Amino acid sequence: VLSPADKTNVKAAWAKVGNHAADFGAEALERMFMSFPSTKTYFSHFDLGHNSTQVKGHGKKVADALTKAVGHLDTLPDALSDLSDLHAHKLRVDPVNFKLLSHCLLVTLAAHLPGDFTPSVHASLDKFLASVSTVLTSKYR
């Protein structure tokens, strides 16, 4: 559960991401594909090369979903219900992949926002991404 301080940290950090969100989303996906090659399975129809327009497009989708989540921190299950259905029932993404992408997102944010990525912000973002992952995997049962 996100504390009031966590919510403040997440909102402030995401505000600093600003209009770089889509680029950071794409970079996190690239990091995930390089670091965890098994994740490429779900994107076999994509060009997974550096600066791929398909990866950039999906990075934007990831960023848009996270932006929506940041705006609905108190109602994540409702806000992300459609995405949860999509990933559980249609795409059937292995839940572990959300943790892998979350890790790559944290690395990307730390690389681009080093002065703002304090231990408390890191912890808050980690809790936030874990909460998003929990919601996205909630309909797998």
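Each Cβ is built from the backbone N, Cα and C atoms, and glycine gets one as well.
A quick note: this is a predicted structure, and the numbers were derived from the prediction, not measured.
As annotated by Swiss-Prot, O2 binding site applies to HIS58, with the evidence given as sequence analysis. The feature heme b binding site is assigned by Swiss-Prot to HIS87. The feature domain 'Globin' is assigned by Swiss-Prot to 1-141. Annotation comment: Swiss-Prot describes SER3, SER35, SER102, SER138 (among others) as phosphoserine. Annotated N6-succinyllysine per Swiss-Prot: LYS7, LYS11, LYS16, LYS40, in sequence order. What Swiss-Prot lists as N6-acetyllysine is LYS16. The phosphothreonine annotation in Swiss-Prot covers THR108, THR134, THR137 (among others) and is backed by similarity to another entry.
Taking the features listed in Swiss-Prot, we show where each one sits on the structure.
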residue : record              : Cβ contacts under 8 Å, 6 or more apart
SER3    : phosphoserine       : none
LYS7    : N6-succinyllysine   : LEU73, SER124
LYS11   : N6-succinyllysine   : VAL70, LEU73
LYS40   : N6-succinyllysine   : PHE33, LEU48
HIS58   : O2 binding site     : GLY25, ALA26, LEU29, PHE43, PHE46
HIS87   : heme b binding site : VAL93, LEU136, THR137
SER102  : phosphoserine       : ASP126, LEU129, ALA130, VAL132, SER133
THR108  : phosphothreonine    : PHE24, GLU27, ALA28, ARG31
THR134  : phosphothreonine    : none
SER138  : phosphoserine       : PRO77, SER84, ALA88
Practice prompt. Tell me the Cβ neighbour count for SER35 (phosphoserine), meaning other Cβ atoms within 10 Å of its Cβ, over all protein chains shown.
Written response: 12
Discussion item. Within its own chain, what residues at least 6 apart in sequence put their Cβ under 8 Å from the Cβ of the residue listed as 'N6-acetyllysine', listed in sequence order?
Written reply: LEU113, ASP116
Worksheet item: Once the DSSP letters are reduced so that anything not helix or strand counts as coil, what is LYS11 (N6-succinyllysine)?
Response: helix
Practice prompt. Take every residue in the domain 'Globin' (1-141), average their pLDDT values, and give the whole-number result.
Written response: 94
